[in-house]
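These notes are about the structure you will find just below.
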Amino acid sequence: MKKIRQQHLRKPVTPELLVSPSSQDGDLSSECPEDRGNWTGRLDFLLSCIGYCVGLGNVWRFPYRAYTNGGGAFLVPYFIMLAICGIPIFFMELSLGQFSSLGPLAVWKISPLFKGVGMGTILIVSLVAIYYNMIIAYVLFYLFASLTSDLPWQHCGNWWNTELCLDHHIIKTGNITFPINITNTVSPSEEYWSRYVLHIQGSSGIGDPGRIRWNLCLCLLLSWTIVYLCILKGVKSSGKVVYFTATFPYLILVMLLIRGVTLEGAWKGIRFYLTPQFDHLLSSKVWIEAALQIFYSLGVGFGGLLTFASYNTFHQNIYRDTFIVTLGNAITSILAGFAIFSVLGYMSQELGVPVNQVAKAGPGLAFVVYPQAMTMLPLSPFWSFLFFFMLLTLGLDSQFAFMETIVTAVTDEFPYYLRPKKASFSAVICIALFLMGLILTTEGGMYWLVLLDDYSAGFGLMVVVITTCLVVTRVYGMKRFCRDIHMMLGFKPGPYFRACWMVLSPATMMALLVYNIVKYQPSEYGSYRFPTWAEVLGILMGVLSCLMIPVGMVVAVLREEGTLWEVGAQQASRPTMDWGPSLEENRTGVYVASLAGSQSPKPLMVHMRKYGGITSYENTAIEVDREIEEEEESMM
């Protein structure tokens, strides 16, 4: 009896209000969810963010956007929009993720009324992940095709070529003396892409997908397999892969840059790329284009930044990391422009045509123009392989982030059930998205890819980011958010960040949203115009992610007790009891002892017992506590 009494005395008693529902009938420790884990290396987080932000768009969108919007003058609005919109929102997402250690869904404990924002984010990321991996499959196809002594898109005369095919080697050897308008001809690389890789002639449009291209299907399967193996153990495995995938593209980019600028006619392309046309700065379109480039190249709103930051330690210096990643991303885009346009300048000289007749953006650059340029170089298969291997590593980093965002978001919602089975759950997600992406491997799959690209992350993504910014600054409160950052980093954000979060960033993004709606143009692929039903389907994709917000509001209000708006909405808009730092020793002030099962009246004491003294962060905690006490006294 005495032994039983001693054991009973040793057993901690948890206050009833702080016990989670799952722990009421048993020992709390046996019911706790498995640990989320953290990055295992010092550079894992930084390299993952760099790999996520520096993607395919840096290579095939920025250079084209720059030269069509004023050349070197485009850099003025580009860096202004980076300062107003890019850096502040980037830092906000990292702060939310690191402070809470939660994914894009669970992070809305900050204001459960707006949990639909997280649901909209997951829907957007899922749609993007489907078609983004198809682009990686195309890259794998070309990568394997480059493993030959003679590139298959180098000459005409293959079964897929037509009478319009014109071999540039014929022009180069001088067999044709009169000037040629290449707009009336088709290059071998273009017919290889459209008639062999896509076999698009087998489809009459988006409503007639045709047969599955099994070589593309196998490449898609391989790309999903690679992604799954790299995210198998979450950030512990993907955090190691990025040491290669985030750094190796820079090596290849430098090699392509050096090779490009040494080609004859290279400066013709670079001059075309960078010649400033300052009259363009008077056009609102140029400023909108600069903001759009920043918005999409940094990947804000997709949940990837928030997810990566959620695996950081509580005091990771994300302020420094924000500037490293955002400025590094901008510099990479500019360097990629030099590498691309130096080769295009050489290509235009070889063909005897202006640079603007060979310059394209998007898949047209990656799978038509640049591969054609590679055939004009000595050792063309080698340079082609390097180029597509660079695209592969650039694409995989972003795809890792998309998948980690989806998996983390759902497992954080159901930690007791899914976290121990994270590898199996990741496999289920990959298989499901692979099956949904099979339509992209058909002969008409490119039409579906264009539709997804145009609508899945359009105005819906902007609504998500605008809502997030407004909720954090207006509903949660700017003062409270800055205090959270102070607790985490040891200093409060300055006037620059506060001004951007309160006014400049949301106003800029609202202008983008209005511009996109007013200047709406139906989707097209080459000369093909999409039917009305396809346009409606695309718009519904964007609207559906926006509808998640009001749906989430209704669900949150119905879960609260009391009158609908007087009590329910107000209560649902407040942070939950367990909102805040995930570890008890980091919870100070209003976050003290609010975790389920919390025993300590003052988390600061945990630090003192553990480390034997007070660090600078504990001093910060004391300052935050003092501020809160002074505010409470002034209110009384």
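Quick reminder: no glycine exception, Cβ is built from N, Cα and C everywhere.
The feature Na(+) binding site is assigned by TrEMBL to Gly51, Val54, Asn58, Ser297, Asn329, Leu394, Asp397, Ser398. In sequence order, Ala246, Pro249, Gly328, Asn329, Thr332, Leu394, Asp397 make up the list of same-chain residues 6 or more apart from Val54 (Na(+) binding site) whose Cβ falls under 8 Å from its Cβ.
According to TrEMBL, the feature disulfide bond maps to Cys156-Cys165. Long-range Cβ neighbours of Cys165 (disulfide bond) (same chain, at least 6 residues apart, Cβ-Cβ under 8 Å): Cys156, Thr185, Val186, Ser187, Pro188, Glu191.
Marked as transmembrane segment by TrEMBL: 75-96 (among others).
What TrEMBL records for 117-144 (among others) is transmembrane segment.
Here TrEMBL flags 241-258 (among others) as transmembrane segment. Remote same-chain residues near the transmembrane segment (241-258) are listed as 41, 43-44, 47-48, 50-51, 54, 230, 332, 335-336, 338-339, 342-343, 383, 386-387, 389-390, 393-394, 396-397, 400 (criterion: CB distance under 8 Å, separation of at least six residues from the stretch ends).
Summarising the annotation, TrEMBL assigns transmembrane segment to 290-311 (among others).
The transmembrane segment annotation in TrEMBL covers 323-347 (among others).
For 382-402 (among others), the entry in TrEMBL reads transmembrane segment. Within the chain carrying the transmembrane segment (382-402), a Cβ under 8 angstroms from the stretch's Cβ atoms is held by residues 48, 51-52, 54-56, 58-59, 125, 128-129, 132-133, 135-136, 139-140, 142-143, 146-147, 151, 223, 226-227, 230-231, 238, 241-242, 244-246, 248-249, 252-253, 255-256, 259, 299, 302, 304, 307-308, 366, 370-371, 374, all 6 or more beyond its ends.
As annotated by TrEMBL, transmembrane segment applies to 423-449 (among others). Sequence-distant contacts of the transmembrane segment (423-449) (same chain, six or more residues past either end, CB-CB distance under 8 Å): 126, 129-131, 133-135, 137, 198-206, 208-214, 216-217, 220-221, 224, 227-228, 231-233, 403, 406-407, 410-411, 525, 528, 530, 534.
If you look up TrEMBL, you'll see 455-476 (among others) marked as transmembrane segment. Same-chain residues lying 6 or more positions outside the transmembrane segment (455-476) and placing a CB less than 8 Å from one of its CB atoms are 89, 92-93, 96, 110-111, 113-114, 117, 120-121, 124, 127-128, 131, 295-296, 300-302, 501-502, 505-506, 509-510, 512-513, 516-517, 523, 538-539, 541-546, 549, 573, 575.
Feature annotation from TrEMBL assigns transmembrane segment to 496-518 (among others). Tertiary neighbourhood of the transmembrane segment (496-518): same-chain residues 81, 84-85, 87-89, 91-92, 284, 288, 291-292, 295, 458-459, 462-463, 465-466, 469-470, 472-473, 478, 481-482, selected by CB-CB distance under 8 Å and a gap of 6+ residues from either end.
Within its own chain, the transmembrane segment (538-558) has Cβ neighbours under 8 Å at 112-121, 123-124, 127, 451-452, 454-456, 458-461, 463-464, 467, 523, 530, 564-565, 568-569, 572, counting only residues six or more beyond its boundaries. As annotated by TrEMBL, transmembrane segment applies to 538-558 (among others).
In this chain, the transmembrane segment (117-144) lies out of contact with the transmembrane segment (323-347); the count of Cβ pairs under 8 Å, excluding pairs fewer than 6 apart in sequence, is fewer than 3. One way to see the shell of the Na(+) site is to take the Cβ centroid of Gly51, Val54, Asn58, Ser297, Asn329, Leu394, Asp397, Ser398; the remaining same-chain residues with a Cβ within 8 Å of it are Ile50, Tyr52, Cys53, Gly55, Leu56, Gly57, Gly299, Thr332. The C-beta environment of Ser297 (Na(+) binding site), restricted to residues of the same chain at least 6 apart in sequence and closer than 8 Å, consists of Cys53, Gly55, Gly57, Asn58, Arg61, Phe62, Asn329, Ser333. Cβ neighbours of Ser398 (Na(+) binding site) (same chain, under 8 Å, six or more residues apart in sequence): Gly51, Tyr52, Gly55, Leu56, Tyr132, Gly299, Gly304. Within 10 Å of the C-beta atom of Cys156 (disulfide bond) sit 21 other C-beta atoms, taking all shown protein chains into account.
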